[in-house]
Amino acid sequence: MRLSNIEHWLTYHIRTWLSNSFEWSTIHNSTFIISLFSSISAGLFSMISVYAVPWELRLGYSSLDVNLLYAAGNLGAYLTPPLLGILSDSHGPVILSWLSFIGFVPSYLYLSCVFQLGSDPCFALSVVAFAIVGIATSSLYFCALITCAKLYPDTKLLSISFPTTCFGLSSVIGLQVIKLPWFHSKEDGYLDLAVVFKSFAVFYTFVFLLTWISTSTISIIKLRGSQSPSASHASARADAIVLEDETTLLLASGNKGEFYKRIRNFFQDYIAYAFLIVMLLSMGVMEMFNTNMVNLTSLILGPGSSFNVLTQFALFSTSSRLLSGLFIDLFTKWNWPRIPLIILMLLSAILAQVIIIHAMNVVNISYIAIASAISGFTYGGLFTIFPALTLNLWGDEVFGTAYGTFMLGPAFGSSFFGVMYAQVHDSNCKSVIPAATADPVTSSPNCIVPAFTASTIALVVALTITIIATVKSKRLRSA
């Protein structure tokens, strides 16, 4: 496979250095390790909820301001993957590495300066900065995911499950790191976002240097004409690749035609649209639960209740990513279809919604804990199984475009179900503080039941679409 002009010039010097300095096995293994580290780094955006209190205390942000920043980041992260996928398929994951660097560093430096000033001179610029951070997050995560998929196209555990698991671990690790005293204001005690964001800018510069190296390896793989470097793992050197006449290494028109033919076939495949709808419904519901977990817990158990359900959600999500990848590989080895895993996850999600509705009539944290664990298990599993099936059905050559398109589902789904939850909550539920010393008075948790009734129906529809598509498509039954 040939390289585009952009990919050629962005990777030429790195390819030359790697080929002249290291054995192929060293390059291959190091690239995989760097990609996993990149996945962990990309997930730091999910810690955005801990910024709310410092913003409110120092910058005077209202709840609406904070939610606008959240929305900007999420839209940037979820709406751009189709374009990022096309860029990666056309010019290699190295282009995503550069985009992440260009997005992360200036944005975090600006946000750091705003927090240090103690006032926001232009809130619109902060919104734009967070939208760019969201885009950079998707760029870095896709960069890592696509690199792993190119390195190990034959094993979903290594190509999909490992990077998605690392992405899930990110918030768990990051939350522990920012507990260090260095990240907190000595005078006021709250999280000093000026220090946090500056640290992020420095950290992502270091990550960029590593990913620039790892993504250049994918260019070497293309030039070797092998989609599976493990097949030639014993190859001593890659010197000959770089010594070829560079005029023969640019993307040929024939290869372009074949690539765009694959893209057209994907967009004409009804299975792709079924996947998109299922992801919109299922991931939208899961994002709604994840976003409003603290609010829901307070509504059911009362103000001041334990929020350990957040940790349970994260841990079960991370575990599910790893287990799902393991089961996908086992199913592949045994020649079993993998679509039942999607059906299992959707059934689990429906069960979680039913438990939540039941918990609203029983003031017992056990039900919320169980629902949180099941939802986390489903959330992590779906985010692992969907890309694995995408890779299996449409191949690694258009994987970025295909899975990037599917990410539109969570983008619109999370917005729709999140707004629905907010509307039901604001219309039916009350939370007032009659006096400064009084405890908040909340209405019955049953007030939010309509939101979860609707989410349960949405999951049933997603399950029905999945079953119908499986029955109609022999290719999907054997996927």
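Residue numbering: from 1, along the chain as shown.
Positions of Cβ are set from backbone N, Cα and C atoms, glycine also.
Reduced to three states, the DSSP call for N29 (N-linked glycosylation site) is helix. The feature N-linked glycosylation site is assigned by Swiss-Prot to N29 (among others), with sequence analysis given as support.
Annotation source Swiss-Prot lists transmembrane segment at 32-52 (among others).
Sequence-distant neighbours of the transmembrane segment (68-88) (same chain, 6+ residues past either end, Cβ-Cβ under 8 Å): 45, 48-49, 55, 61, 95-96, 99, 126-128, 130-135, 137-139, 142-143, 146, 263, 398-405, 407-408, 410-411, 414-415. Among the features that Swiss-Prot reports, transmembrane segment is placed at 68-88 (among others), with the record citing sequence analysis.
Per Swiss-Prot, the feature transmembrane segment maps to 95-115 (among others). Sequence-distant neighbours of the transmembrane segment (95-115) (same chain, 6+ residues past either end, Cβ-Cβ under 8 Å): 6-7, 10, 42, 54-55, 58-59, 84, 87-88, 121, 125-126, 129-130, 132-133, 135-137, 139-140, 142-143, 146, 192-198, 200-201, 204-205, 207-208, 211-212, 214-215.
Swiss-Prot lists 127-147 (among others) with the feature transmembrane segment.
If you look up Swiss-Prot, you'll see 158-178 (among others) marked as transmembrane segment, on the strength of sequence analysis.
What Swiss-Prot lists as transmembrane segment is 193-213 (among others).
Residues annotated as transmembrane segment in Swiss-Prot, with sequence analysis given as evidence: 266-286 (among others).
Under the heading N-linked glycosylation site, Swiss-Prot lists N295 (among others), citing sequence analysis as support.
Summarising the annotation, Swiss-Prot assigns transmembrane segment to 309-328 (among others).
Annotation source Swiss-Prot lists transmembrane segment at 339-359 (among others).
According to DSSP, N364 (N-linked glycosylation site) is assigned to coil rather than to any helix or strand. The N-linked glycosylation site annotation in Swiss-Prot covers N364 (among others).
Within its own chain, the transmembrane segment (368-388) has Cβ neighbours under 8 Å at 145, 156, 159-161, 164-165, 168, 275, 279, 282-283, 286, 289-290, 293, 296-297, 300-301, 308-310, 312-321, 323-325, 328, 338, 341-342, 345-346, 348-349, 351-353, 355-356, 359, 399, 403, 406, counting only residues six or more beyond its boundaries. Positions annotated as transmembrane segment by Swiss-Prot, on the basis of sequence analysis: 368-388 (among others).
Summarising the annotation, Swiss-Prot assigns transmembrane segment to 398-418 (among others).
If you look up Swiss-Prot, you'll see 448-468 (among others) marked as transmembrane segment.
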Same-chain Cβ contacts of the transmembrane segment (266-286) under 8 Å, 6 or more residues past its ends?
342, 345-346, 349, 353, 375, 378-379, 382-383, 386, 389-390, 393-394, 398, 401-402, 405-410, 412-417, 455, 458-459, 461-462, 465-466, 469, 473, 475-476
N29 (N-linked glycosylation site) and N364 (N-linked glycosylation site), Cα-Cα, nearest whole angstrom:
48
Listed stretch, out of 32-52, 127-147, 339-359, 398-418, 448-468, that has the most CB pairs under 8 angstroms to the transmembrane segment (193-213):
32-52
Using a cut-off of under 8 Å between C-beta atoms, tell me which stretch among 32-52, 127-147, 309-328, 339-359, 398-418 contacts the transmembrane segment (448-468) the most.
339-359
N29 (N-linked glycosylation site), number of other Cβ atoms within 10 Å:
13
By a Cβ-Cβ criterion of under 8 Å, what residues six or more beyond either terminus of the transmembrane segment (339-359) are in contact with it?
278, 282, 285-286, 289, 296, 300, 324, 327-328, 331, 367-368, 370-371, 374-375, 377-378, 381-382, 385-386, 389, 445, 449, 452-453, 455-456, 459-460, 462-463, 466-467, 470, 476-477, 479
